[in-house]
Amino acid sequence: MVDESDKKQQTIDEQSQISPEKQTPNKKDKKKEEEEQLSEEDAKLKTDLELLVERLKEDDSSLYEASLNALKESIKNSTSSMTAVPKPLKFLRPTYPDLCSIYDKWTDPNLKSSLADVLSILAMTYSENGKHDSLRYRLLSDVSDFEGWGHEYIRHLALEIGEVYNDQVEKDAEDETSSDGSKSDGSAATSGFEFSKEDTLRLCLDIVPYFLKHNGEEDAVDLLLEIESIDKLPQFVDENTFQRVCQYMVACVPLLPPPEDVAFLKTAYSIYLSQNELTDAIALAVRLGEEDMIRSVFDATSDPVMHKQLAYILAAQKTSFEYEGVQDIIGNGKLSEHFLYLAKELNLTGPKVPEDIYKSHLDNSKSVFSSAGLDSAQQNLASSFVNGFLNLGYCNDKLIVDNDNWVYKTKGDGMTSAVASIGSIYQWNLDGLQQLDKYLYVDEPEVKAGALLGIGISASGVHDGEVEPALLLLQDYVTNPDTKISSAAILGLGIAFAGSKNDEVLGLLLPIAASTDLPIETAAMASLALAHVFVGTCNGDITTSIMDNFLERTAIELKTDWVRFLALALGILYMGQGEQVDDVLETISAIEHPMTSAIEVLVGSCAYTGTGDVLLIQDLLHRLTPKNVKGEEDADEEETAEGQTNSISDFLGEQVNEPTKNEEAEIEVDEMEVDAEGEEVEVKAEITEKKNGESLEGEEIKSEEKKGKSSDKDATTDGKNDDEEEEKEAGIVDELAYAVLGIALIALGEDIGKEMSLRHFGHLMHYGNEHIRRMVPLAMGIVSVSDPQMKVFDTLTRFSHDADLEVSMNSIFAMGLCGAGTNNARLAQLLRQLASYYSREQDALFITRLAQGLLHLGKGTMTMDVFNDAHVLNKVTLASILTTAVGLVSPSFMLKHHQLFYMLNAGIRPKFILALNDEGEPIKVNVRVGQAVETVGQAGRPKKITGWITQSTPVLLNHGERAELETDEYISYTSHIEGVVILKKNPDYREEE
């Protein structure tokens, strides 16, 4: 080490001994070498340019114009390639300061303008950061033809315009906040020059047409976004550029903050409308939720066939829009007819029974029903659900419709869901009302309630406009004194009229929702039904009635699980409405109740559904992190306690893992009462967990509290404290649950956000407490509904064997959501294995059967995807999925009130492509179906699908797939081949020989 340091010092000394005289010649030599390296042609060019600059310095003004023109020609002729700095710009760089001083001396405006034109291009290579000389001299020049300088120069100008505009905005903001209150004049000063907003905008509007003309649609949109003038874009767009411009704008929407996202959608809508692309325009109008815009699209054409095509697009969204001549299509009057045609063409008309998907004969273990203690009535109920989902919409089955005795193989409320499954089999077909009519005259209230619910399901989304049979049949039962009957009728109305904004339903159910004298169950059910009917409308009357319930209900009523559905109803009302929810959130925050924070999270998440807002997701993740930071000692104590607890659990492993599994906590408590040391450890663990701010619940805590109360003298005071703690605990539990669901809702909008959310869910599953872990699987299911990705359902499979049975049940249900309507073979196998694994645990087996039913929804012809190919969010579908997810915050509650699972029926739709001719008759056309490819911003005309298979309509279209016509024999009325598509013969088509 010493030797090395000595050597370094020696070299430093040697270098320091070299005199400056010896160093400078080296630099001069380098310069000489560079000059020598210039070719003869380059040297001549450099000399000529320097001569031209010298002429500009002379007093003879007659030479100025010719010299400037020569300079311009020289620069333009050399800028054919931008792989390196053009040589004239390189050679002129040292003269830039001289040319700037010449500009300041001259007085002739024409010559100054011409010189500013040259200086603007030179400033690209010389100008320092923050000076924006290129833009400054461009604005000082009157030369309008600046396009000849090339694409790179125009892009440089656009960059400086954006920077200057941002400086102006910041300056305006500073002026507004300044204490002297002086107002800004809308300009920004840079090196003594004032950039005015008007001049900058005028130049910007000169640049935009250049970008559009030279395949720079993205640059044009970005520039107008920078200067907040995106509404000025439509005037520059023509039939050659509008498609690429609008595709780029719509793709940008999930990445933009409000109100820019809405401005982009409205601008794209106006462009599509002006170019007569009506099907694209109506998709954006639905996305914006503006009925006036939808009407404008219909009014833009008088073609009745186009009106029908637009009506079919609206029908899939279950909107409340009314238009004369196509009302039966908008009301889904032909949906059942088209679906049965699909079933016939695909040879699916034969009914299936649940055993066809259970495949119990493949299970090597003992028969499910022979297992000790298994409730066969509950498994018959599960079969009713599976049968209803499996044969949904087919109007026939082998289990229930012709077998009146099947209903009585279930018990109590199970009969309600069993009868209601008939409505599921006849969904979208009013013939189901006749099948259910006979059950209305039965004495058992559960059976009658099932018939009422079934009527609502069979009429789901189908509206005649004049006569509403479901409303006529159900309206007399909503005020029935029997809660079972009234709740079923209310729920049936909610399913039947989801998304319809029907005023008659509002008038019927609002008094029930607003009444605080009725049981909270009835009021919550009425509020939920109204929210589904008026999803995403911000209806003031319903909002007021829900808020009244929060304010006027007793503390005991607000402890029930039904409160969650009141909060959910408020969220569904404001779904996708963004900032419009702010007033409601302010009102909620004024309520002094532990539930307040949880309600805010749920309502806020619903309002910003699909926005992909990163800041909101960060806020939710912050809520999910433990609030209190413990010292090292506490952490050490907790680790010790956990270690001891785990060792005891291991010691008692056999008893903990008894088949019932559901009562692990109880068994642990019993064992620890015997073992004094274990009891101390348990108490210690409880204390440290409370310090950490984590919520605790379950049989263990209740038993400990009972011991405390019996030994305590002041039981009354303790009781009050316990109640307050329970309320706070319930509020925290719900807040955590809603925050997890909120991440899924917000991330739905774009693919990158979905990928990131899945990573977050993995972390939450590892580090979250029990309440967070219970909701993570459901959130994963919502993010990938009807999209069975291997990485998602493999993760869910791991969670389905969790020690916490509630985590397992939610994971299994999420697997059903993930594969809803896909018939995915891998998922089907995993669910069959889970059915065998949980053959002795009846609740988990029930959920597994439900998941199997969802997987085989409509024999694989249905979907619950919340987006269509045009990226339009289906609010009715999302609201129906969210209802079951919120119910599963407490799986035991949903198992008791299983009829709420039928809310899913409101969001189910066929995933077919059905081709019709001008007359509305089905025709067979060859289409290519393949994986959708993102073509936004790509050059040329890239293929929109890859790995396609050619099929004849009708065909099924899964998540992430797209279709296109194979030949030009037919012309489509819609740009997206999805759902019902109307085609017309192409008069110019000739068959290839």
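Glycine is no exception: its Cβ is also placed from the backbone N, Cα and C atoms.
From SER39, SER78, SER695, SER710, the position flagged in Swiss-Prot as phosphoserine is SER695. Checked against Swiss-Prot, the residues SER16, SER62, SER81, SER360 yield a single entry marked phosphoserine: SER16.
Residue annotated by Swiss-Prot as phosphoserine (from the set SER19, SER890): SER19.
Of the candidates SER178, SER184, SER703, SER711, Swiss-Prot records phosphoserine for SER178; the remaining residues carry no such annotation there, which does not rule it out for them.
When you go through SER74, SER187, SER365 in Swiss-Prot, the residue listed as phosphoserine is SER187. Sequence-distant contacts of the repeat 'PC 2' (450-487) (same chain, six or more residues past either end, CB-CB distance under 8 Å): 318, 322, 327-328, 331-333, 335-336, 407, 413, 415-424, 426-430, 432-433, 436-437, 439-440, 442, 493-500, 502, 504-505, 508-509, 512, 519, 521-522, 525-526, 876, 899, 902, 905-906. Secondary structure of the repeat 'PC 2' (450-487) per DSSP, as helix, strand and coil residue counts: 23 helix, 0 strand, 15 coil. For the repeat 'PC 6' (778-809), the list of distant contacts is 661-662, 664, 740-741, 743-745, 747-748, 754, 757-758, 761-762, 765, 770, 815-822, 824, 826-827, 830, 834, 837-838, 841, 843-844, 847, 863-866, 881-882, 885, 888, 891-892, 958-960: same-chain residues at least six beyond its ends, Cβ to Cβ under 8 Å.
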